[in-house]
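**Student:** In case it helps, Swiss-Prot gives these features for our protein:
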BINDING   Asp45, Glu46, Asp157  divalent metal cation binding site
DOMAIN    39-257  domain 'RNase H type-2'
Amino acid sequence: MAARTKNGLTASASGMQSLLPHTLPHADPAGPRDSLYPAFFTGIDEAGRGCLAGPVVAAAVILPPAGAPAAPHIAAALSGLTDSKKLSEKRRLTLEPAIKSCAVRWGVGVVWPQVIDRINILQATYRAMSLAVRHLRGGGAAASMPAGLPPVFLAVDGDKTIPGQVLQAVTGLSVPQEAIVGGDGCVMAISAASVLAKTFRDRLMTALDKRYSGYGFATHKGYGTAAHIEAIRRLGPCRMHRLSFAKVKPAAAPHAADQNTLW
């Protein structure tokens, strides 16, 4: 059974708390803080939480520890890695294969609009993050991690950790966690996760643009731009729109009679 610690972390009764460092970092724009976490910790971030259309996508990344023999190579290969929002699309696409090659494990979780509307975006984000952990697979540096070792610690971007009951239900794991505000800019594994989540989701939205033409998904990726909202007013919502979102409802209202036949 999980227990709350004085740091506000969720730790299992099996002694996982012993893996935690004595002092956990807060957001620090000076640079990555990965060395303050247990070896083989998992960095987690999401993309698309605030969008009006498309799924919310999360990624999880485990990088080799700072003292690993491959560390100098990783530092060079991932030079300039930071919050995906601060990187150009070209740079993100260059970093994506490098991250997968340098990672011990990486995974992606996707939750679609119908589920978002049913359980709300926050719960959907928790589920996407949990799915990313469940889908962790071997990366290019898989051999550096002991075989069969489960995730030992989750560093989650933002101000909230994944509720223990959600993580347990999706992954079967009870793992200590910490939420780090601005973690995508100061923890390399979270930065890597932010890039994988963003590139994966952008690719999905570009593909969806071909199926649901007229909305401009390939351009705005589902965010609430003026052009996107105008397209919803003109065409009505499609199956990729989040009907529970406040900005979608007014634009979709004139098409309410067509809601049962979303294309």
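Each residue, glycine too, has its Cβ placed from N, Cα and C.
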**Student:** For Asp157 (divalent metal cation binding site), what residues in its own chain, 6 or more apart in sequence, show a Cβ-Cβ distance under 8 Å?
**Tutor:** Gly43, Ile44, Asp45, Glu46, Ala179, Ile180, Gly182, Gly183, Asp184, Val187, Ile190, Ala193, Ser194
**Student:** Quick check: which same-chain residues outside Asp45, Glu46, Asp157 lie with their CB within 8 A of the centre of the divalent metal cation site CB atoms?
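**Tutor:** What remains near the Cβ centre is Ile44, Ala47, Ala58, Ala59, Met129, Val156, Gly158, Gly183, Asp184, Ile190, Ala193, Ser194, Ala197.
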**Student:** If you count Cβ atoms within 10 Å of the Cβ of Glu46 (divalent metal cation binding site), leaving out that atom itself, what do you get?
**Tutor:** 26
